[in-house]
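So the structure is just underneath, and the comments pick up after that.
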Amino acid sequence: MWKAPGLIPTLVAVLAAFGGWSLLLPVIPQAILDDGRGAGLAGAYTGVFMAATVLTQTQTPRMLRRFGYGQTMFVSGLLLGLPTFLHVFGTDAALVLGIAVIRGMGFGALTVAESALIAELVPLKFLGKASGALGVAVGVAQLTCLPLGLAIAHWTGTYQWVYVLGGVISLVGSAMALLIPKLKAAAKTPTAKATEAKTSTATTSTASKNAEGTAPETAEKPATELPTGDPGPAENVSTWRLVAVPALAMGTTAMGFGGISAFLAPAAREIDLVAGAIVAGAALSVMGGAQMVFRYIAGAWADRKGKAGTLIIGALAAGVVGLVFMALVVYAGWSAWWLLGAAAFYGAGFGMVQNEALLLMFARLPRERTAEASAYWNMAFDSGTGTGSFALGLVAGVALQPYPAVFAVAAGLMSIGLVAAILDHIVGAHRVAERHNTRATLRKLGGAVVKRKPVSETRPETDGRN
């Protein structure tokens, strides 16, 4: 896996993108508040950033087909990094929100391009581990940079050095894009051309590959059962049907993450005024570490089992347990240190859901839609995080006991994803594109063979001569 050309630069670019984002995530709102600009602007900064991120993610697959991965990531890194230096000029609303829009666009394009590029670079049989390695890079960036930004501001007595460091880190990701092989996302083929691909052509293609010494496509099937047929559109298959369940699982889980990110610290302080801040920081670190480790474990498991999605039900259940436990600890007023256990459960589930949802989208969409799969996953993650923070904030504002209510409602939201995953498993058919998908083609071939009459039954009667 590690010998795949461009994999290391891609992971470094991921580390840089999420490092630059994480470094400034808590710093900008705090700087706005310190300047007396008000909580409204502080919240608007993050909201505008995430809105620009999600909107850009909807268009990133087109950019990847038009300009390729390297150019898209290079420009996106510049958009994420260069505007960061402008924060040194103050916290006026127009300046801050303008920077948020530009940086959000860069971050949105980067997140889609990087996760899609992983699927393009590595052999399919290693895709689970490669996706897990992507999660490790994200986790390391968050674990180190989330607390680092505020720490630097505290040590130096100014936010200026944080802005400079955040910009430099983001630009490292832009530089890494220059080391990535020149690849473009697979172009969509016309429907008419796609329909000309016949079953016999697929069989001949497989045979010719064997003759050239290349393993047949069925042998090259990855652990995640990714489609390996010729690129082509998934005619007559609604995209929402293919990605609905993994997207719902990712989105509802991310809603819980949004609630924890916003309300774990005040909840811990409510339980223990003295140690609450320390406990909250430790719990967030435990959650991040568990998320990183279990995302990689889920990827390795998928490669070993030869199928994506085998852990998603258990992962969602673990996340729900963590959120329910969190609500109970806060409601009952137990020791705040119990929050570490709850955070570990949720983090483990969150990490596995991330990997399983992404691999399921890769598996259910045709090869030509790798970029779209990455976009759908990132949109589910980011919109879920933003929506969760907003919705759970409303819950906290009206509930008699705000923090237990926040975590309980978050568990309920995540349970929706769990129920959907269970129903999807019971209904059975892992929904995949029916056209230009090796698995679907082989299934149809098997059905055709079973239905065909024996040759002796279809041959006309003869007079016994050869």
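The backbone N, Cα and C atoms fix where each Cβ goes, and this holds for glycine too.
Since this is a predicted model, take the numbers as computed values, not measurements.
As recorded in TrEMBL, the features of this protein are as follows:
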- 191-209: compositional bias 'Low complexity' (COMPBIAS)
- 1-429: domain 'Major facilitator superfamily (MFS) profile' (DOMAIN)
- 191-232: region 'Disordered' (REGION)
- 36-55: transmembrane segment (TRANSMEM)
- 67-89: transmembrane segment (TRANSMEM)
- 95-119: transmembrane segment (TRANSMEM)
- 131-155: transmembrane segment (TRANSMEM)
- 161-180: transmembrane segment (TRANSMEM)
- 242-267: transmembrane segment (TRANSMEM)
- 273-298: transmembrane segment (TRANSMEM)
- 310-331: transmembrane segment (TRANSMEM)
- 337-363: transmembrane segment (TRANSMEM)
- 375-399: transmembrane segment (TRANSMEM)
- 405-427: transmembrane segment (TRANSMEM)
PLDDT averaged over the residues of the domain 'Major facilitator superfamily (MFS) profile' (1-429): 81
For the transmembrane segment (375-399): best-contacting stretch of 67-89, 95-119, 242-267, 337-363, 405-427, by Cβ pairs under 8 Å: 242-267
In contact by Cβ distance (the transmembrane segment (67-89), the transmembrane segment (131-155); 3 or more pairs under 8 Å): no
Recorded stretch, among 161-180, 242-267, 310-331, 405-427, maximising Cβ pairs under 8 Å relative to the transmembrane segment (273-298): 242-267
For the transmembrane segment (242-267): best-contacting stretch of 95-119, 161-180, 310-331, by Cβ pairs under 8 Å: 310-331
Long-range environment of the transmembrane segment (161-180) - Cβ separation under 8 angstroms, sequence gap at least 6: 6, 9-10, 12-17, 19-21, 23-24, 27, 69-71, 73-78, 80-82, 84-85, 87-88, 106, 110, 117, 145, 149, 152-153
Tertiary contacts of the transmembrane segment (405-427) (same chain, 6+ residues out, Cβ under 8 Å): 244-245, 248-253, 255-256, 259-260, 263, 267, 312-313, 316-317, 319-320, 323-324, 326-327, 330, 353, 388, 391-392, 395-396, 399
Long-range neighbours of the transmembrane segment (67-89), counting only residues six or more past its ends (CB under 8 A): 13, 16-17, 20-21, 24, 28, 31, 60, 95-96, 98-99, 102-103, 105-107, 109-110, 113-114, 116-117, 120, 159-160, 163-164, 166-171, 173-178, 180-185
